[in-house]
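Feature annotations, courtesy of TrEMBL:
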type     : residues               : note
BINDING  : His450, His455, Glu508 : Zn(2+) binding site
ACT_SITE : Glu451                 : active site
Amino acid sequence: MVDSQYYLPNDIGISALDCREAFRLLSPKEQLYAHYLSRASWYGGLAVLIQTSPESANIYALLQKLFRAQAPLQLKATATAAGLSAEEYQAFLVYAAGIYANMGNYKSFGDTKFIPNLPKEKFKALVWESLVFEESPRDIEALWGCCSEPLYSLEDKLKQLGLGDKGITTYFSGNCCLEDAEFAQKFLDSKKLSAYNTRLFKTEIDGKRCYEVRLASAEKADCCDAEKGGETFCGRYEFEDAVFSVKRGDYSFLMEKVCQNLEKAKAHAANENQKKMLEEYIRSFTYGSVDAHKEGSRYWIKDKGPIVESYIGFIESYRDPFGSRGEFEGFVAVVNKAMSARFSQLVSSAEVLLPELPWPPAFEKDSFLKPDFTSLDVLTFAGSGIPAGINIPNYDDIRQTEGFKNVSLGNVLAVAYATQKDKLTFLEENDKDLYIKWKGPSFEVQVGLHELLGHGSGKLFVQDDKGKFNFDETAVRNPETGELISSWYKGSETWDSKFSTIASSYEECRAECVGLYLCLNKEVLSIFGHEGEDAEEVVYVNWLTMVRAGLLGLEFYTQESKSWRQAHMQARFVILRVLLEAGEGLVGLKECTGTDGRPDAVITLDRSKINTVGKSAIQRFLCKLQVHKATADVEGGRALYEGYSAVTADGTHDFLRLRETVLLRKEARKMFVQANTFFKDDAVKLVEYEGSAEGLIQSFVERFSDDAEEVEAQLLEMTRTDSTCWC
């Protein structure tokens, strides 16, 4: 029997994202703008297949060919003829839907591999019986030969994403380890090059280490964008005892498709900011320039309150084991004006709320740059998964001095966290009813605070290349020690480059703590329409959700490598540890036997102590997080965070045993079905699909109906070219 964490259950939740009304309200020009931005996002999103695992693109191509020849309903008869039971065929469909939803064969939330929940010989029998095999036996047999082994392999190293012996990654060639990642970062910093849109490949020539830094770009040649006065960093460099070659052309075909569609979108832009934003994005994806993407992001920040909101590029670094390289994503969404009004009110109150945070004024940004904060209904979200909220751009230098935007994805929130009582784990019965009633409203508050005042708060102390400080180094003192601060960011150092492997989770933890801390503020609750007893329930359920999530987080810890696979869930476990440590009966966690006779656990929260014991604990911890972050104190920050992240059997709670219980009772994360847009007869048509595995599959088959074979051929060629790099 395969451990259930490595396959997707047949009854996994699959929901359609409803955007019909939001799209209908757009003008024809806005619909065209949204359409071409969506096309750019979907093409770029295919790069995630290459970024995830060596076999993901091969599996994707095989599935696309199968379903293009026979829709899921037609293929069902073929499956029966091939000897598959109804359950096995459903498992096949769920696996295919999982590949599309995660853009690869590793879960986007947790980075664990998933394999088909049916025997390999049955999968093969279905492929051999299919219409596409009948039409192209040699091609399909070759494709099956490329992916059948890794498709099912659960060799230890292949069970999760990671660097070196801790897992598989395609951000680095297979012979790279943590030391190589650190060395490459040192080189990149010396050239003031960002790692966001790069991958690293290592070889050895005549005993000398040679590294190829590959930039994502449509352009393959080493040239500069002369029209823009740009410069190129491509070339060969001697660095210490190694050689680095910086080259263009990663995902070239896909980046070209992205640029073509952004160019078409530009013709339908609503204003100059949008046009200039798209011009810079096109420059970025053409030449592999992160500086151009930064420039585009500046115009994006200036584009206040657009009807159609979007962002695209190599954005989040959660899945790079080193924490510096961005996964491609692109989203297009329509503003929900009613819900956005609440977030706008929160933005207006930010300057009053920020001083409430538990660090001295010197540790806060010099001025709060009021961002857009909107609730959006997602039309398109291409990448490996869909979050509930986003705070972007991720560039520290822009966020600190020029601003950012926050978005809450309303139609995702509406379906992502709907829960049935009988599936609710680790809560007492009376808490389950409260949880179901108040989870949505409380999560809306938490997302708002997390994104705006969590990620949007806090200063980084910097000394630039010219020696200029952005703080008074003779006066700013560490509130923990009372002494003058003695460390800060220098030159091109960034939060990600300094804190690397813990940066993402540490920052998510800081933002989650801000949400917990500020949700106790009555003014905040009032903004979201919660007063009196209702407000108290929102606070209680928000804190209860957090401690339960901390326990659920154990699913995303790998004991063999002692590593965490999901930034947010590690953050929530850390918070659970902090609140358990606070004592005084604030949080209770006990192991028991469930009604089914199997191991179980119950987590409780004393609501009378949230405003006292709980608030004090979060206050102290949050201050420490900010001080280490602001002062670039990697050593202190890492010791603090890794201490609370440790999963052991020692102490009051046996977290290793609790992890087994969590794995025993885990529920699979939902998948989403998204609509497509098509330009036909001088109008944009929206096509929606049912919330099922079949609907999800059909949406992807139709998404690339015009050039599917060319796209698949290019993906297979990219995979083949690098196939020797992962051994």
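For all residues, glycine too, the Cβ spot is worked out from N, Cα and C.
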Within 10 Å of the Cβ of Glu508 (Zn(2+) binding site), how many other Cβ atoms can you find? Include all protein chains, please.
22
Around the Zn(2+) site formed by His450, His455, Glu508, which additional residues qualify by having Cβ within 8 Å of the site's Cβ center?
Asn391, Glu451, Gly454, Glu507, Arg510, Ala511, Glu512, Val514, Gly515
If you count the other Cβ atoms within 10 Å of each Cβ, which of the binding-site residues His450, His455 comes out on top?
His450
Restricting to the same chain and to sequence separations of six or more, state which residues have a Cβ under 8 Å from that of Glu451 (active site).
Phe373, Gly389, Ile390, Asn391, Asn406, Val407, Ser408, Ala511
